[in-house]
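Down below is the structure, laid out as structure tokens.
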Amino acid sequence: MAPSRRRRGRGAKTEKKEQNFEDSAPIAPQPEDVSAPYAYDEQGGNDYYGSGDYHGSSNHDRANNHYEPSNHHGKDTRQDRLNWSGADSAHWRAANDLPPPPAFGPVESSLAEYLGSVEGLLDAPTFETPEDRAIFLNNVFTELSGHELVLMTDQVGSRLLQKLLLISRESQIRVFMQRLDARFVELMVHRFASHVCQTLLAVAADFVDRDLRGQGEPALGPDDLLRRDDDDNNDYVRPPADLPPVQTLFLSLCREAQPFWTSLMLNSFASHVVRALLLTLAGRSTQATGPDRRRGAALQSKKSAKYGARFNLDKPVAPSSATRTLQVPPEFTAMLHTALAEIAAGLDAETCHHYALDRVASPVLQLALSLQAGTDELEVPGALLDKLLGGLVSIDEGKDLPDMAKRTLNTVLEDTSGSHLFEKILQVISAPLYRQLYQALFRNRLYELGQHPTANFVVQHLLAEAKNSMQLDLMLDELVPHFGALLTQRRSGIVRSAAQACARLNSGHKRLVHGLEKAVGAVGPPERRQFVNLLGRLVTFANFDGKPEHVLPPFNLQGLILLQTLVDFADEQGKVVIDSFLAQPEAEQLLWATDRQCSRLVECILASPQVRLKAKRKLLGNFKTHYSSLACDPNGSHVVDACWKVADLQFKEVIAAELLAAESTLRFNHFGKILLLRCQVGQFKAKRTDWAANQKGLETRRELFRDILGDAVLPSKPTEDDDEDDSTVVGKDDASPVNNAMDPAEPESKRKRSKKHKIEENDEIDELFSRADNKRKSSKAKRR
């Protein structure tokens, strides 16, 4: 998998010069590819969307695409952000229907001083017993009782409340929610209180989930030892008997916001709370991380995350709540359907267009579409999707969109916020509607849109969401003749997306490879031998041939990702990459194996099930006598590990022998030490027969469990074609499986090579570690 890197946002200023690929200067070096995948948190946690700067001023920088949202408070510069047709329009009036942010006055100095004294315990709760924690919470809530609204609208008080809510009991959360009755909408639009609301919703969702799972908090009995006589009137310590459950209070807050959905969507501070409400009603966590962020389950930007880490606000509500679907009652599902229907009903075609272009409202629309995905409510005439697409759902298939609707959709395509919404649309629509949308908006325009600094991202998603090979063939018809120009104009992300679509749909391999060969000038055998250098550096053969290394452009990440994708092509189309790499001098192959980016292509060749065993053997033989030096390299060590996984027993002995010869050096090298353990060189040195039996047993076990583990296992007996010219390179015994964890099938994702290299190996390796730990413990005990 290709390493991730910092990428420029959309809309960055780029030169758009028409030039001949053959006559142009080398494409690289370029610091970044503007068509490369951008990193953003889809539902507002990105540099375009959100709710301002937390406890500071808002940051609305469309030109540089740097807008910090969600978990950050900021000043609502709605008039600067919205560029609409007139102040009397319906959507403008809706934006001003909201109540003004409340002003409850300053926090009393004595209360502020008290809360400041307990902030340390809120940051790092260290209670010896549950009773100590309960006493602490009772004391804090006793002090702040009656001052909740004042604290929520205070900069420091809002932070302390968020920390307090994360460790509170369910009964205390219920009382706190009840105190917000009839004030929730006012608090949602406040720069500080809105974030307390978001934390409160996340905590409440976790308690609802626990209750439905039968893990709810037991009710306090009348003889609870924590109760005191002077707290009889404190609801936080002695909850009233008629206190509603969490889900009832949550639905009450939703009903309070119900008349203002479309207005709240436009508010810089309320938008992320609306998303938190919708996510909770759908049973999705608002604190999801990793891949879930891309599915719209996160509300934080990078800046917000940094702020949370600085002030210790980044704690999860529950360790497992961010990684699983939350259980919700049927009333939540009904409220979700009602909310989505009211959002759609409150937007007409013109309003939808302006909401789609708004960086605060657009994330809510994206979330609404993702929540309707896969349901019967998505592609219905008059529904939200139909309005966003200018009535395309209502039009009979075969009929064309009106010109006005096309022009409107084009502005969405080319907008920094609207393009994200369009990508979500492509992700959720069905195959028939995808075909209609392609015919209406993209047909015969892919190259034109691909040149646009923003719309090219939508073209990439269009390729990524192709539903079948016929649709892909139509798009390749348009794009393949322009591969050279796209590479020249630094739009290689489109070419990469086309290659990945071919791999996913198992179609169009030959056309794409031939198009790439023509684009880089690899038309004859001598040129094809340099294909990996040409595509890896994104340079033509005319600009490569005969040039010294110091004048050649460096390797380009997008070009290397393309090569990795081609390796996994079936039908022998990936053979052009393998043959070209093996045609390079052995010294050149070693340089690739130790390069931070190029080494991933070497690993891909070794791991891919599409690469023939004969080619892998030749590559293993080329690295012979160099395994010890590669093992000491942070990148080469991964290549040695990949070689070990595909080597048969005889060649594993060759690798182990080389590592053993350099054991004194490897033992003091971080990466070499790991490989000594991985290859069990200690056992190889002491009991070679046992080592061989152990390796053979491991291969047998992997062979038996390959269907369960999903490993791509090499054939234990090579074919006659594989045997040719390779009998002296590698033995013909059992082959080791390839670990799919190292298969870069998704090169955009980051594979971390951290200092703490995790060893995912068999039980014998774990046994070695446990033995080493036991020896250390015993030696320490003897010293004592």
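Cβ coordinates are placed from backbone N, Cα and C, and glycine is handled just like the others.
Here is what TrEMBL says about this protein:
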| type | residues | note |
| --- | --- | --- |
| REGION | 1-82 | region 'Disordered' |
| COMPBIAS | 1-11 | compositional bias 'Basic residues' |
| COMPBIAS | 58-81 | compositional bias 'Basic and acidic residues' |
| REPEAT | 143-178 | repeat 'Pumilio' |
| REGION | 218-240 | region 'Disordered' |
| REPEAT | 440-477 | repeat 'Pumilio' |
| REGION | 713-784 | region 'Disordered' |
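The average per-residue pLDDT of the prediction over the repeat 'Pumilio' (143-178) is 91, rounded to a whole number. Across the repeat 'Pumilio' (440-477), DSSP classifies residues as 27 helix, 0 strand, 11 coil. Across the repeat 'Pumilio' (143-178), DSSP classifies residues as 28 helix, 0 strand, 8 coil. Tertiary neighbourhood of the repeat 'Pumilio' (143-178): same-chain residues 55, 73, 101-108, 111-112, 114-116, 119, 122-123, 125, 133-134, 137, 187, 190, 192-193, 195-197, 199-200, 203-204, 207, 210, 216-217, 219-220, 234-236, 239, 243-246, 249-250, 253, 311-313, 315, 317, selected by CB-CB distance under 8 Å and a gap of 6+ residues from either end.
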